[in-house]
Amino acid sequence: MRTSVTSAGDIARDIPRAPPPMAMLAELTHRCPLACPYCSNPIELTRANEELSTEEWIGVFRQAADLGVLHLHLSGGEPASRRDLVELTRAAVSLGLYTNLITSGVGLTGARIGSLADAGLDHLQLSLQGVSPESADRIGGYQGGYERKMAVAAWVAGAGIPLTLNAVCHRENMGEIDAMIELAIRLKARRVEIATVQFHGWAERNKAALMPTREQVERATRTVAEAREKYQGVLVIDYVPADYHSRYPKACMGGWGRVGLNVTPSGRVLPCHAAETIPSLSFENVRETSLAAIWYDSDAFNAYRGEDWMPELCRSCERKKVDFGGCRCQAMALAGDASATDPVCIRSPLRERLTREADALSTTQSAGLIYRGR
Amino acid sequence: MSGDAPRISGSSVVKLARGVRLREDPVRGQTVLLAPESAMALDDIAVAIVEALDGKRSLERIAADFAEKFDAPVARIAEDVETFIHELAVRRMLEIVE
Ligand code: SF4
Ligand code: SF4
């Protein structure tokens, strides 16, 4: 089914009608006790008094369920900073949404985890900043964070909530992947998600300190392959390799406006969490527009659907159905043009320069960390 | 720490692990098996298998029941069940009862 729409520039474009969204990420708040230097929250954090209310969030969840969303991710900032977290969870579950909490663990107590389990929480993802108190608390910028996480993992296991451990890997902890996997098993996680740092948000400012070296990336790939074999049926290992060291870009978000959407703490709806870095787009708010209208009809969601927006390089490439031309926000950040071929693609004219820069950055000595604002 | 995956055989009794559930998806007109980060659209046979994982019957028993119900060769059904169950097990979607 195809519908023709007229874009802002008055040029008729052929935009395939999008399928219903599968997943929604609700950034309940930007508040967070931690200060990770790779935090993907925007540099301009939303203030607490601008956040959607409990009723507003529940209304958004209902619209999402009606629209066809199956998975709801409650995220942030730190979602436990919301006092209504249990209430929101209960409402989401009662709407049939598969409800997943993405948390640093700080702000959760045994009693609160018990209430979340009673509310029907389907799954919990606990972020890990390192495998020892020293490294974890240094990266998270929060004393006692590691210890709290270990306690949280035990409470979660005790309450019977399935657990995934999430870790962002970067130059400082790339050698700890083995240890992360072992820790995940010790904490009775079923899954571990190890994602190489992406340079959006605060991470962009820490590129020189966080960029992994080529050797690290190669070693990590081997480590993951070995661990997957060793722990088959015990632990599912999801690994997101480094962009800068791959040949082709990732299908960011499974393609722009194809699979999922993000709602910011104040209700703006984005095709991906970094979309606001694209200055030519404006984003609508669930306070004014329905989620369905935003998903199907808004200019921002339609901007990079289909193929008409693509540069010739991608349009003539057979991988366009696999990676959809890569990440728009990365194209914006690195090529200065959101509709360029993702510069990490081996076919992009910018790729060579990028590789040189990444290599240079990864060997930069003693770059200090700039922590996220709180 | 052992890296050994639990063995599943015909005599195993399994059920869906917590956090894995079957749901109607009225918007797309299908039945889906939901797990963390995954939604599997199931055909009728797969739905029947998942619904039969009651935590009481062994996989052999389930295959035999299907063979009788659908009047089909038990060996072929047992193979279907085994393939599908293996896929779920690798994705950590099952709990082994015994
Ligand atoms: S990445 Fe760190 S600072 Fe950012 S929201 Fe998550 S825990 Fe908080
Ligand atoms: S040219 Fe475009 S579509 Fe082809 S691999 Fe590169 S980013 Fe993907």
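Here, residue 1 is simply the first one shown, and the rest follow in order.
Placement of Cβ uses the backbone N, Cα and C atoms for every residue, glycine included.
Confidence over the domain 'Radical SAM core' (A:18-235), given as mean pLDDT on the 0 to 100 scale, stands at 91. For A:18-235, the entry in TrEMBL reads domain 'Radical SAM core'.
According to TrEMBL, the [4Fe-4S] cluster binding site annotation covers A:CYS32, A:CYS36, A:CYS39. A coil conformation is recorded for A:CYS32 ([4Fe-4S] cluster binding site) in the three-state DSSP classification, outside any helix or strand.
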Neighbour count (Cβ, 10 Å) for A:CYS39 ([4Fe-4S] cluster binding site): 25
Cross-chain proximity of binding-site residues to B (CB under 8 Å), evaluated over A:CYS32, A:CYS36, A:CYS39: none
Neighbours of A:CYS32, A:CYS36, A:CYS39 excl. site residues, C-beta within 8 Å of centre, [4Fe-4S] cluster: A:LEU34, A:ALA35, A:TYR38, A:ASN41, A:GLY77, A:SER104, A:GLY140, A:TRP202, A:ARG372
For A:CYS39 ([4Fe-4S] cluster binding site), the three-state class that DSSP assigns: coil
